[in-house]
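Enquirer: Checked TrEMBL, it gives:
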- Asp52: active site, proton acceptor (ACT_SITE)
- Asp52, Gly53, Asn124, Glu125, Arg151, Asp153, Thr164, Ala165, Tyr166, Asn167, Lys168, Ser169, Ala188: NAD(+) binding site (BINDING)
Amino acid sequence: MMEDRRNVYLYYKRNSEIEGQLNTIKEFAKNYGFNIVDHYKESNIIVSFGGDGSFLQAVRNTNFRQDCLYVGVATNRPNSLYSDFSLDDKDKIIEAISSEQLEVRKYPVLEVSVDGQSSFLCLNECSIRSGIIKTFVIDVWIDDQHFETFRGDGMLVSTPTGSTAYNKSVNGAVVDPKLPCLQVNELASLNNNKYRTLGSPFILSNERKLRLQIVQDGNDHPIIGIDNEALSIRHVKNIDFKLSEKVIKTVKLKDNSFWDKVKRTFL
Ligand code: NAP
(Lines of atoms letter the chains of each structure in order from A and count residues from 1; the text may use other names and numbers.)
(Lines give C-alpha, C1' and ligand atoms only; values in the text may rest on other atoms or scores of the structure.)
Protein backbone atom coordinates (compact mmCIF):
# COMPACT_ATOMS: atom_id res chain seq x y z
CA MET A 1 0.00 0.00 0.00
CA MET A 2 1.37 3.37 -0.99
CA GLU A 3 0.22 5.03 2.24
CA ASP A 4 2.55 2.69 4.13
CA ARG A 5 5.53 4.12 2.36
CA ARG A 6 7.26 6.32 4.93
CA ASN A 7 10.99 5.61 4.65
CA VAL A 8 12.70 8.02 2.33
CA TYR A 9 16.24 7.83 0.99
CA LEU A 10 17.66 10.98 -0.57
CA TYR A 11 20.10 10.45 -3.44
CA TYR A 12 22.27 13.42 -4.43
CA LYS A 13 25.82 14.44 -5.23
CA ARG A 14 27.13 15.90 -2.01
CA ASN A 15 28.01 19.62 -1.95
CA SER A 16 27.39 22.35 0.59
CA GLU A 17 24.77 24.18 -1.49
CA ILE A 18 22.51 21.16 -1.86
CA GLU A 19 23.06 20.04 1.76
CA GLY A 20 21.63 23.39 2.90
CA GLN A 21 18.57 23.12 0.66
CA LEU A 22 17.97 19.51 1.67
CA ASN A 23 17.98 20.30 5.37
CA THR A 24 14.78 22.29 4.85
CA ILE A 25 13.26 19.46 2.82
CA LYS A 26 14.25 16.88 5.46
CA GLU A 27 12.60 18.91 8.25
CA PHE A 28 9.51 19.40 6.15
CA ALA A 29 9.25 15.67 5.35
CA LYS A 30 9.71 14.72 9.03
CA ASN A 31 6.86 17.03 10.01
CA TYR A 32 4.65 15.02 7.65
CA GLY A 33 5.62 11.74 9.30
CA PHE A 34 8.29 10.55 6.87
CA ASN A 35 11.56 9.03 8.10
CA ILE A 36 14.72 10.02 6.29
CA VAL A 37 16.86 6.86 6.22
CA ASP A 38 20.64 6.65 5.79
CA HIS A 39 20.72 3.59 3.58
CA TYR A 40 18.65 2.91 0.48
CA LYS A 41 18.01 -0.68 1.60
CA GLU A 42 15.86 0.67 4.45
CA SER A 43 13.77 2.86 2.16
CA ASN A 44 10.60 2.46 0.16
CA ILE A 45 10.78 5.88 -1.48
CA ILE A 46 13.98 7.00 -3.21
CA VAL A 47 14.23 10.66 -4.15
CA SER A 48 16.92 11.72 -6.61
CA PHE A 49 18.09 15.35 -6.76
CA GLY A 50 19.72 16.65 -9.94
CA GLY A 51 18.77 16.01 -13.56
CA ASP A 52 18.06 12.94 -15.65
CA GLY A 53 21.68 11.86 -15.27
CA SER A 54 21.26 11.83 -11.46
CA PHE A 55 18.02 9.88 -11.72
CA LEU A 56 19.77 7.22 -13.84
CA GLN A 57 22.52 6.99 -11.22
CA ALA A 58 20.02 6.87 -8.35
CA VAL A 59 18.23 3.93 -9.96
CA ARG A 60 21.48 2.09 -10.81
CA ASN A 61 23.18 2.66 -7.46
CA THR A 62 20.12 1.45 -5.56
CA ASN A 63 19.85 -1.66 -7.76
CA PHE A 64 16.61 -0.98 -9.64
CA ARG A 65 14.51 -1.60 -6.53
CA GLN A 66 11.14 -3.17 -7.35
CA ASP A 67 9.58 -2.42 -3.98
CA CYS A 68 10.42 1.30 -4.08
CA LEU A 69 8.89 4.35 -5.60
CA TYR A 70 11.42 6.60 -7.35
CA VAL A 71 10.93 10.37 -7.41
CA GLY A 72 13.04 12.76 -9.50
CA VAL A 73 13.58 16.34 -8.29
CA ALA A 74 15.27 18.81 -10.66
CA THR A 75 17.80 21.05 -8.92
CA ASN A 76 19.26 23.32 -11.53
CA ARG A 77 16.96 23.54 -14.51
CA PRO A 78 13.34 23.02 -15.46
CA ASN A 79 11.92 19.57 -14.87
CA SER A 80 13.17 16.99 -17.31
CA LEU A 81 12.21 13.50 -18.42
CA TYR A 82 12.74 11.74 -15.12
CA SER A 83 12.53 14.77 -12.81
CA ASP A 84 8.86 15.52 -12.26
CA PHE A 85 9.38 18.06 -9.50
CA SER A 86 11.64 21.01 -8.83
CA LEU A 87 13.27 21.87 -5.50
CA ASP A 88 10.65 24.57 -4.82
CA ASP A 89 7.81 22.04 -5.04
CA LYS A 90 8.10 20.77 -1.42
CA ASP A 91 4.32 20.74 -0.87
CA LYS A 92 3.69 19.07 -4.22
CA ILE A 93 6.21 16.32 -3.48
CA ILE A 94 4.77 15.57 -0.04
CA GLU A 95 1.24 15.69 -1.39
CA ALA A 96 2.13 13.33 -4.21
CA ILE A 97 3.91 10.71 -2.11
CA SER A 98 1.38 10.76 0.72
CA SER A 99 -1.70 10.61 -1.49
CA GLU A 100 -3.87 7.54 -1.07
CA GLN A 101 -4.90 7.81 -4.69
CA LEU A 102 -1.31 7.90 -5.82
CA GLU A 103 -0.98 6.72 -9.38
CA VAL A 104 2.15 4.85 -10.29
CA ARG A 105 3.86 5.16 -13.63
CA LYS A 106 5.91 2.14 -14.73
CA TYR A 107 8.95 2.48 -16.93
CA PRO A 108 10.20 -0.56 -18.86
CA VAL A 109 13.76 -1.66 -18.19
CA LEU A 110 16.22 -3.40 -20.52
CA GLU A 111 18.12 -6.53 -19.50
CA VAL A 112 21.54 -7.01 -21.03
CA SER A 113 23.63 -10.13 -20.70
CA VAL A 114 27.25 -10.32 -21.84
CA ASP A 115 28.55 -13.70 -23.00
CA GLY A 116 25.89 -15.49 -20.97
CA GLN A 117 27.56 -14.46 -17.73
CA SER A 118 27.21 -10.93 -16.42
CA SER A 119 23.78 -9.41 -16.60
CA PHE A 120 22.85 -5.74 -16.25
CA LEU A 121 19.76 -3.56 -16.25
CA CYS A 122 19.38 -0.26 -18.11
CA LEU A 123 16.78 2.46 -17.78
CA ASN A 124 17.91 4.48 -20.83
CA GLU A 125 19.95 2.30 -23.13
CA CYS A 126 22.90 0.09 -23.75
CA SER A 127 25.40 1.46 -26.27
CA ILE A 128 28.10 -0.57 -27.99
CA ARG A 129 30.79 1.44 -29.69
CA SER A 130 34.08 0.66 -31.36
CA GLY A 131 36.90 1.20 -28.89
CA ILE A 132 39.39 2.13 -31.62
CA ILE A 133 39.44 4.31 -34.73
CA LYS A 134 38.49 1.41 -37.03
CA THR A 135 34.86 0.44 -37.59
CA PHE A 136 33.71 -2.84 -36.18
CA VAL A 137 31.36 -5.54 -37.33
CA ILE A 138 28.27 -6.84 -35.54
CA ASP A 139 25.95 -9.66 -36.58
CA VAL A 140 22.42 -8.82 -35.54
CA TRP A 141 20.16 -11.73 -34.58
CA ILE A 142 16.45 -11.49 -33.79
CA ASP A 143 14.93 -14.53 -32.07
CA ASP A 144 17.88 -16.72 -33.15
CA GLN A 145 17.53 -15.71 -36.81
CA HIS A 146 20.30 -13.76 -38.52
CA PHE A 147 18.91 -10.34 -39.49
CA GLU A 148 21.81 -8.20 -40.78
CA THR A 149 25.53 -7.62 -40.56
CA PHE A 150 26.43 -4.15 -39.35
CA ARG A 151 29.69 -2.35 -39.89
CA GLY A 152 30.20 1.08 -38.42
CA ASP A 153 30.72 2.94 -35.17
CA GLY A 154 28.26 1.01 -33.05
CA MET A 155 24.68 0.31 -32.07
CA LEU A 156 22.22 1.44 -29.42
CA VAL A 157 19.45 -0.55 -27.80
CA SER A 158 17.06 1.77 -25.96
CA THR A 159 14.07 1.54 -23.68
CA PRO A 160 11.02 3.74 -24.38
CA THR A 161 12.14 6.36 -21.81
CA GLY A 162 15.67 6.14 -23.21
CA SER A 163 14.22 6.91 -26.65
CA THR A 164 14.42 10.66 -25.89
CA ALA A 165 18.10 10.39 -24.91
CA TYR A 166 21.00 9.16 -27.08
CA ASN A 167 18.55 7.43 -29.44
CA LYS A 168 16.94 10.76 -30.30
CA SER A 169 20.29 12.27 -31.26
CA VAL A 170 20.67 9.58 -33.91
CA ASN A 171 17.18 10.15 -35.30
CA GLY A 172 15.41 7.37 -33.46
CA ALA A 173 11.69 7.60 -32.78
CA VAL A 174 10.39 8.85 -29.44
CA VAL A 175 8.45 5.93 -27.95
CA ASP A 176 5.60 6.01 -25.45
CA PRO A 177 6.67 4.10 -22.28
CA LYS A 178 3.21 2.52 -22.22
CA LEU A 179 4.54 0.33 -25.05
CA PRO A 180 6.77 -2.37 -23.60
CA CYS A 181 9.41 -2.55 -26.32
CA LEU A 182 13.02 -1.85 -27.21
CA GLN A 183 14.44 0.24 -30.03
CA VAL A 184 17.55 -0.66 -32.00
CA ASN A 185 19.49 2.14 -33.67
CA GLU A 186 22.70 2.39 -35.67
CA LEU A 187 25.67 4.66 -35.13
CA ALA A 188 27.07 5.56 -38.55
CA SER A 189 26.62 2.32 -40.49
CA LEU A 190 28.68 1.72 -43.58
CA ASN A 191 26.38 0.84 -46.46
CA ASN A 192 27.96 -0.36 -49.68
CA ASN A 193 28.05 -3.46 -51.92
CA LYS A 194 29.60 -5.52 -49.17
CA TYR A 195 27.76 -4.31 -46.08
CA ARG A 196 24.07 -3.65 -46.03
CA THR A 197 21.93 -2.80 -43.03
CA LEU A 198 18.34 -1.75 -42.67
CA GLY A 199 19.60 1.81 -42.22
CA SER A 200 16.70 2.89 -40.03
CA PRO A 201 15.90 2.37 -36.36
CA PHE A 202 13.55 -0.52 -35.60
CA ILE A 203 11.37 -1.40 -32.63
CA LEU A 204 11.08 -4.89 -31.16
CA SER A 205 8.26 -6.22 -29.03
CA ASN A 206 8.86 -7.39 -25.48
CA GLU A 207 8.39 -10.97 -26.70
CA ARG A 208 11.49 -10.82 -28.90
CA LYS A 209 15.08 -11.33 -28.01
CA LEU A 210 17.97 -9.64 -29.70
CA ARG A 211 21.58 -10.74 -29.95
CA LEU A 212 24.45 -8.53 -31.08
CA GLN A 213 27.37 -10.75 -31.97
CA ILE A 214 30.68 -8.93 -32.22
CA VAL A 215 32.66 -10.41 -35.12
CA GLN A 216 35.97 -11.61 -33.70
CA ASP A 217 38.28 -9.94 -36.21
CA GLY A 218 40.74 -8.25 -33.89
CA ASN A 219 38.53 -5.23 -33.32
CA ASP A 220 36.37 -6.96 -30.78
CA HIS A 221 36.95 -4.80 -27.72
CA PRO A 222 34.02 -2.42 -27.87
CA ILE A 223 33.09 0.18 -25.28
CA ILE A 224 29.82 -0.88 -23.71
CA GLY A 225 27.76 1.78 -21.97
CA ILE A 226 24.82 1.04 -19.70
CA ASP A 227 23.00 4.33 -19.18
CA ASN A 228 25.72 6.68 -17.96
CA GLU A 229 28.28 4.07 -16.98
CA ALA A 230 30.85 2.14 -18.97
CA LEU A 231 31.22 -1.59 -18.40
CA SER A 232 34.74 -2.68 -17.62
CA ILE A 233 34.42 -5.90 -19.65
CA ARG A 234 37.15 -5.87 -22.31
CA HIS A 235 36.60 -8.79 -24.59
CA VAL A 236 33.08 -9.47 -25.77
CA LYS A 237 31.42 -11.85 -28.21
CA ASN A 238 27.67 -12.07 -27.62
CA ILE A 239 25.45 -9.43 -26.08
CA ASP A 240 21.86 -10.51 -25.48
CA PHE A 241 18.97 -8.12 -24.91
CA LYS A 242 15.42 -8.48 -23.76
CA LEU A 243 12.93 -6.36 -21.94
CA SER A 244 13.13 -7.14 -18.24
CA GLU A 245 10.16 -8.14 -16.16
CA LYS A 246 11.31 -5.43 -13.79
CA VAL A 247 10.03 -1.88 -14.12
CA ILE A 248 10.88 1.42 -12.47
CA LYS A 249 7.96 2.90 -10.59
CA THR A 250 7.55 6.66 -10.33
CA VAL A 251 4.77 8.96 -9.20
CA LYS A 252 2.24 9.82 -11.85
CA LEU A 253 1.11 13.42 -11.59
CA LYS A 254 -1.82 15.16 -13.25
CA ASP A 255 -0.99 17.07 -16.45
CA ASN A 256 2.35 15.34 -16.57
CA SER A 257 2.00 12.54 -19.08
CA PHE A 258 5.04 11.31 -20.97
CA TRP A 259 3.99 13.51 -23.88
CA ASP A 260 3.72 16.58 -21.60
CA LYS A 261 7.29 15.84 -20.56
CA VAL A 262 8.44 15.45 -24.15
CA LYS A 263 6.79 18.77 -24.99
CA ARG A 264 8.34 20.66 -22.09
CA THR A 265 11.78 19.17 -22.75
CA PHE A 266 11.99 19.56 -26.50
CA LEU A 267 9.36 21.95 -27.85
P1 NAP B 1 25.63 13.60 -20.12
O2 NAP B 1 26.41 13.19 -21.32
O3 NAP B 1 26.24 14.50 -19.13
O4 NAP B 1 24.24 14.30 -20.56
C5 NAP B 1 23.33 13.75 -21.43
C6 NAP B 1 22.11 14.64 -21.52
O7 NAP B 1 21.00 13.80 -21.79
C8 NAP B 1 21.78 15.43 -20.25
O9 NAP B 1 21.30 16.69 -20.64
C10 NAP B 1 20.67 14.61 -19.61
O11 NAP B 1 19.75 15.38 -18.88
C12 NAP B 1 19.95 14.08 -20.85
N13 NAP B 1 19.21 12.85 -20.65
C14 NAP B 1 19.56 11.72 -19.95
N15 NAP B 1 18.58 10.82 -20.05
C16 NAP B 1 17.59 11.37 -20.80
C17 NAP B 1 16.33 10.92 -21.25
N18 NAP B 1 15.89 9.70 -20.96
N19 NAP B 1 15.61 11.72 -22.05
C20 NAP B 1 16.04 12.95 -22.38
N21 NAP B 1 17.22 13.46 -21.98
C22 NAP B 1 17.98 12.65 -21.21
O23 NAP B 1 25.20 12.24 -19.40
P24 NAP B 1 24.14 11.93 -18.28
O25 NAP B 1 23.43 13.16 -17.84
O26 NAP B 1 24.82 11.10 -17.26
O27 NAP B 1 23.10 11.02 -19.09
C28 NAP B 1 23.49 9.79 -19.64
C29 NAP B 1 22.79 9.62 -20.95
O30 NAP B 1 23.37 10.50 -21.89
C31 NAP B 1 22.96 8.26 -21.59
O32 NAP B 1 22.08 7.31 -21.05
C33 NAP B 1 22.67 8.58 -23.04
O34 NAP B 1 21.31 8.43 -23.34
C35 NAP B 1 22.97 10.06 -23.18
N36 NAP B 1 24.03 10.27 -24.17
C37 NAP B 1 23.67 10.99 -25.26
C38 NAP B 1 24.56 11.17 -26.29
C39 NAP B 1 24.10 11.94 -27.48
O40 NAP B 1 22.95 12.38 -27.47
N41 NAP B 1 24.93 12.08 -28.49
C42 NAP B 1 25.84 10.64 -26.21
C43 NAP B 1 26.19 9.91 -25.08
C44 NAP B 1 25.26 9.73 -24.05
P45 NAP B 1 20.13 16.11 -17.50
O46 NAP B 1 20.90 17.33 -17.89
O47 NAP B 1 18.79 16.41 -16.90
O48 NAP B 1 20.95 15.15 -16.68
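Glycine is treated like the rest: Cβ placed from N, Cα and C.
TrEMBL: automatically predicted annotations, no manual curation.
A quick note: this is a predicted structure, and the numbers were derived from the prediction, not measured.
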Enquirer: Taking 10 A as the limit, how many CB atoms besides its own sit near the CB of Ala188 (NAD(+) binding site)?
Expert: 12
Enquirer: Let me check the 10 A CB neighbour count of Thr164 (NAD(+) binding site). How many other CB atoms are there?
Expert: 23
Enquirer: What are the sequence-distant neighbours of Lys168 (NAD(+) binding site), meaning same chain, six or more residues apart, C-beta distance under 8 angstroms?
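Expert: Set apart from Lys168 (NAD(+) binding site) by at least 6 residues yet with Cβ under 8 Å, we have Val174.
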Enquirer: Of the binding-site residues Arg151, Tyr166, Ala188, which one has its Cα closest to the Cα of the residue listed as 'active site, proton acceptor'?
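Expert: Result for the residue listed as 'active site, proton acceptor': the nearest of the binding-site residues is Tyr166.
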Enquirer: Out of Arg151, Lys168, Ala188, which binding-site residues lie by ligand 1, with a C-beta less than 6 Å from some atom of it?
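Expert: Among Arg151, Lys168, Ala188, near ligand 1: none.
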Enquirer: Between any two of Asp52, Gly53, Asn124, Glu125, Arg151, Asp153, Thr164, Ala165, Tyr166, Asn167, Lys168, Ser169, Ala188, the residues recorded as binding NAD(+), what is the biggest Cα to Cα distance in Å?
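Expert: If we measure all Cα pairs in Asp52, Gly53, Asn124, Glu125, Arg151, Asp153, Thr164, Ala165, Tyr166, Asn167, Lys168, Ser169, Ala188, the largest is 31 Å.
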Enquirer: Where among the recorded positions Asp52, Asn124 do you find the Cβ with the fewest other Cβ atoms within 10 Å?
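Expert: Result for the recorded positions Asp52, Asn124: minimum number of other Cβ atoms within 10 Å at Asp52.
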Enquirer: Return the count of C-beta atoms lying within 10 angstroms of the C-beta of Tyr166 (NAD(+) binding site), excluding that atom itself.
Expert: 18
Enquirer: Once near-sequence residues are set aside, which residues in the chain of Arg151 (NAD(+) binding site), 6 or more away, have Cβ atoms under 8 Å from its Cβ?
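Expert: In sequence order, the residues whose Cβ lies under 8 Å from that of Arg151 (NAD(+) binding site) (at least 6 apart) are Thr135, Phe136, Val137, Ile138, Ser189, Leu190, Tyr195.
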Enquirer: Can you see whether DSSP assigns Lys168 (NAD(+) binding site) to helix, strand or coil?
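Expert: Going by the DSSP assignment, Lys168 (NAD(+) binding site) falls within a helical segment, counted as helix.
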Enquirer: If you run the three-state DSSP split on Ala188 (NAD(+) binding site), which class comes out?
Expert: strand
Enquirer: Let me know the DSSP-derived helix, strand or coil state of Arg151 (NAD(+) binding site), please.
Expert: strand
